[in-house]
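The annotation active site, nucleophile is assigned in TrEMBL to Glu121. The active site, proton donor annotation in TrEMBL covers Glu125. The compositional bias 'Basic and acidic residues' annotation in TrEMBL covers 281-291. According to TrEMBL, the feature compositional bias 'Polar residues' maps to 332-345. As annotated by TrEMBL, disulfide bond applies to Cys27-Cys34. The domain 'GH16' annotation in TrEMBL covers 1-236. What TrEMBL records for 281-316, 332-354 is region 'Disordered'. Under the heading signal peptide, TrEMBL lists 1-21.
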Amino acid sequence: MLNQVLSSTVVCLAALNLVSAQTFTDCNPLKEACPSNPAFGKGVTTCNFTNGECSVFTGNLDSTIKYYKKGAKFTIKEETNAPTIATEKYIFFGRVDVELQAAPGQGIVTAIVLKSDTLDEIDWEWLGGDTTQVQSNYLSKGDTTTYDRGDFHNVTEPLTTFHKYSIEWNKNAVQWIIDGNVVRTLKAAEVKGFPQSPMQIKLGIWCAGGSRTEQGTVDWAGGRTDFSKAPFDAYYKSVTIVDYAGGNGPAPKSVKEYVYGDNRGTVDSIKVKYGSTLDVEEKKNSVKNKPEPIGTEIETDAPREKDGQSNPTISKPYGGLVILNFTATPVGTPAPGNTGSSGQGFNDDVPQSAASRGTIQEGFIAGILFVVYLAA
């Protein structure tokens, strides 16, 4: 049973499966000159799939993805289905929080994958036949010479209950976090290969128990999938993304792209190109009372608050690894846990865009503009 203590052989199969599923890239900077990676850069990006599609992600054309009150429903009806969405932009270190309920079904795999063009990876994976565990894994430069990078973590009812799964990543360490609790820490100084190049975020499910799947992968996945029990559904409720832009904390200013300086793919060889057209728009709109749409990037100016998004508080309890504790208290809106005029509650842990601003703030801005007008 997968919910028992697993042997090292099964751990190896898990890593092997991940390699076969994910180790490909359109252009590998280790081998050739490749286009630069567009950056998320400054700010907090939040997608609330309970409200529909998120423009941050693009999907494969055959994706069977629908949007409901529970979130984005990824469905497998037959073994060739593999609904997947991915960001077009990249983070160069950062934090990703995903709230999801994994898909049940023997041989069905639900995944969160951070992946770079050099085949660095950081992953969460759930097996549809395992009701008590989630797997963490990582790769460096697509290295498949060893399969000892995977680990397993207990979680309560992952196939029927929503949990928040997070990845906190900087040049010193990676942490895998479940509902705010660190379950694994990987230190760069203690491993041979460490993920250190800009990554996209990918979400999706696929069938590892298909009739044409290699036996080793089928064994790892828990056996062949019985499609008489289809469809198999996973729900992704929300995603929050913070880009560290090569540093140990949130990017301090707008970033345009990440450029590989050579073919090493190391952190010191990747250049951060600052500047964005968003800076110009931000100045133009600095006094406008315009709500930010859900599912788009929210630009924030440190240290002041903007559009109700307070700056993240930062602590470093794990050997210098930054842990973010977000709080969002929009002016003129209810505190987390209460409901506003829309009837929707706020999540304490996920930054929200402000739906409105208080009349005091509006009056203050109007007063300033009036004084400037009189002085002109």
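For all residues, glycine too, the Cβ spot is worked out from N, Cα and C.
Since this is a predicted model, take the numbers as computed values, not measurements.
Of the recorded residues, Cys34 (disulfide bond) and Glu121 (active site, nucleophile) place their C-alpha atoms 18 Å from one another. Here the Cβ of Glu121 (active site, nucleophile) has 23 other Cβ atoms within 10 Å, regardless of which shown protein chain they belong to. If you take the Cα of Glu125 (active site, proton donor) and the Cα of Cys27 (disulfide bond), they are about 25 angstrom apart, rounded to a whole number. Mapped onto three states, the DSSP output places Glu121 (active site, nucleophile) in strand. Separating the Cα atoms of Cys27 (disulfide bond) and Glu121 (active site, nucleophile) is a whole-number distance of 15 Å. With all protein chains in the displayed structure included, the most crowded Cβ environment within 10 Å among the disulfide-bonded residues Cys27, Cys34 is that of Cys34. Within 10 Å of the C-beta atom of the residue listed as 'active site, proton donor' sit 22 other C-beta atoms, taking all shown protein chains into account. Regional average pLDDT for the domain 'GH16' (1-236) in the model is 90.
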